[in-house]
Each structure stands twice: as structure tokens, then as C-alpha cells.
């Protein structure tokens with residue numbers, strides 16, 4: 001027993017096993033094997049290394065964005081002239097990565113708290129019994145008082161009066177001048193793994209260049225100043241259509257960088273996408289179109305609190321930063337090579353299946369590939385290295 005344990009330990013440390021190889025001269029199998037190996041080699045070189053950049057490690061950026069709008073609008077509604085600047089048509093005004101530019105509006109001036117009838121079609125009634133006092137309707141403007149107004153045949157409500165009438169949206173949009181507004185985007189990104197920080201104000205983008213440039217996808221692809229009309233058209237929409245009822249546009253700042261090259265080659269690319277719907281889809285086919293919200297300016301008149309209500313239709317702009325940086329790294333390179341070498345084993349498996357199960361001489365190849373042993377034919381005191389004998393038939 002002791003000798004067996006000693007021999008086993010000795011064999012484990014001082015012997016080396018290698019698989020037996022059989023050279024098969026068969027054209028079909030040889031061609032299949034080489035084609036599979038060439039396919040695997042093409043996959044490793046073409047897909048893993050060239051397309052997927054399997055020899056590089058990756059990192060995504062931490063980013064910061066702020067924006068600034070410029071431009072002045074003018075309206076003349078029923079003889080009332082008004083000039084609109086950035087403080088009037090941008091919501092919110094802080095220069096965030098997501099904001100709204102007003103392009104159309106419905107204004108209700110001089111509202112005060114009181115009792116007034118609802119709009120026709122909201123809460124129609126024929127008597128007071130149709131107006132339950134103290135109740136609310138989802139589409140209503142206030143709390144019903146229990147009185148049916150005989151003039152409008154609608155329920156009276158406690159609300160901001162007169163109530164807003166938004167049935168008719170101005171057409172053409174009141175602020176068509178928004179097409180000429182300009183947007184300045186300043187974006188900074190940091191790739192923490194590689195320790196690289198970049199700004200969209202890259203080399204050559206100085207104060208003099210910014211003062212006269214305007215973004216163009218071919219002529220000025222790095223200019224950070226964008227005309228609203230160009231943003232809308234590049235996203236696939238018609239400005240007048242989207243300005244009437246509002247919508248949402250995504251501006252994607254794409255940082256795809258290869259830090260195996262000089263850092264100066266890491267520059268942003270801008271893409272524009274319509275987010276609120278398919279521009280080819282008819283508005284009537286959708287249940288809710290556009291983008292709008294309400295905004296009120298409160299004031300006091302003769303010690304009475306009043307407000308001016310604006311239903312704002314606007315273009316919501318979302319600045320979206322996406323990033324991916326790559327750089328050579330030994331670990332992913334070795335991992336890609338190791339996995340590729342392992343895939344080469346597919347050729348051996350396929351060829352073995354063909355040899356052992358499909359070819360007419362499969363029994364002959366089986367006998368050449370496998371050597372069978374008969375453990376019962378071994379003598380108990382035989383040498384440890386003699387492990388193979390012929391099978392007795």
C-alpha cells in the first residue's frame with residue numbers, strides 16, 4: 001500500500017502526459033479543417049481585434065453641460081406689440097442640459113379668484129342638479145358651486161376667472177422668429193480611468209472663431225453654436241409644424257475616442273434626433289401630440305391678486321452626452337488571444353466527427369485514433385509504466 005502511494009506521488013510530479021496524435025491523409029477532412037481554421041482566424045483578426053478592438057480597455061466619461069440661448073422675438077396680437085427676449089421664452093432660465101424654447105402660446109390675462117361658468121363642452125348642464133357642489137372634474141378648471149349658468153348652460157366653478165379657452169391654437173405660430181435663435185453648448189468630459197479631460201471647445205475653437213461661426217455638419221462640424229432652424233431640420237422635422245404644438249429634440253454629443261492616438265484627435269460629433277414622434281406620422285393618428293405646459297405671472301391690482309396665464313407650446317431640447325474611450329491594454333489583449341486559440345479547437349471537434357461518424361472508413365479511423373486497454377489482463381506486479389495491452393477478442 002505504501003509503495004502504491006509513493007508511486008502515485010512520483011508519477012504525479014515526475015511524469016508528463018501528452019495526447020496522442022494521428023496524421024490522417026484525407027483531402028476532404030484536410031480542406032474542412034483548414035477552412036474552419038481560416039474562418040476562426042478571420043473572426044479573431046477581423047471581428048475581435050479590428051471591429052471590436054479587443055486589444056483595448058474601455059472607459060465612459062463623466063460629463064457636464066451648460067447652455068445659453070440668444071435671440072429676440074416680436075409679436076403683434078390684436079394690435080398689442082411685445083418683444084420677447086431670453087428671459088421670456090426659455091424655461092428654465094438656468095442653462096441646464098434640458099430646457100424649453102417657447103414658440104407659440106395662448107394667453108389669458110387678468111385672471112382673479114372668483115366664480116364663473118365653465119367653458120361650453122366642459123360641464124354642460126340643464127339645471128342645478130347636474131352640478132354637484134364641491135366636486136371636481138378631471139378636465140375642469142375648479143370646484144363646482146352647484147349652480148348651472150343659464151347663459152352658457154355650463155356649471156359654475158370656483159376658479160381663476162375668466163377660465164382659459166385653449167380650443168384654438170394660434171396658426172401660424174406666434175414666435176416663428178424662434179427659427180433664428182442660436183444655442184451655445186459648452187460640454188466638458190472626463191475619462192477617469194485614462195485621466196483625460198476634454199472640452200467641446202477643442203484646439204482652434206477660440207473666442208474669435210466662436211464670434212462668427214455657426215454649426216454646419218460639413219463646413220463647421222466643431223462649432224458649438226447652433227441655429228434653432230438647423231437643429232429642427234437636421235432632426236427631420238418641419239419648423240412651422242413643430243413650433244405650432246411643440247415637440248422634443250435630442251442633441252447627442254458623441255465622444256468616441258481612441259487614446260492610442262494623440263489626445264487632440266478626441267473631438268465631439270453632434271447628432272440630432274426627433275424625440276416626440278415620427279416626423280412622417282400624421283398628427284391626427286396620435287392621441288396626444290406636441291409639448292406644452294402652463295405658466296402664470298402673479299401680480300396685485302387694486303389690492304386684488306391677479307395673474308396672467310400662459311399656455312406655452314415649445315420645443316424641448318435635451319442635450320445627451322454619450323461617450324466611449326479606448327486604449328491599448330495587455331490584459332484584454334491576452335484574453336482575446338486566449339479565447340481565439342480556444343476557438344481553434346472547433347476545427348478538431350468537427351473533423352473528428354466527420355472521421356469517426358460520417359466517412360466510409362470510420363471504423364478504421366476509430367481503431368487508429370483510440371487504443372483500447374484491458375485492465376484485467378494486467379499482472380498485479382507489473383511495472384507502473386506498462387498501462388496498455390492489446391484487447392483479446
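Quick reminder: no glycine exception, Cβ is built from N, Cα and C everywhere.
Note that the coordinates shown come from a computational prediction; the quantities given were computed from them, not determined experimentally.
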Exercise. Pick from 29-50, 51-72: which range has transmembrane segment per TrEMBL?
Worked result: 29-50
Seminar exercise, completed: Rounding to whole Å, the Cα atoms of residue 70 (ATP binding site) and residue 180 (N-linked glycosylation site) are apart by 9
Exercise. Cβ under 8 Å to the transmembrane segment (29-50), counting only same-chain residues 6 or more beyond its ends: which ones?
Worked result: 336-337, 339-340, 343-344, 346-348, 350-351, 354-355, 359
For this session: Name the one residue among 68, 125, 161, 292, 293 whose Cα is closest in three-dimensional space to that of residue 155 (disulfide bond); these are the recorded positions.
Result: 125
Problem set entry | Nonlocal residues around residue 257 (disulfide bond), in sequence order (Cβ under 8 Å, 6 or more apart) | 191, 196, 198, 265, 266, 323, 324, 325, 326
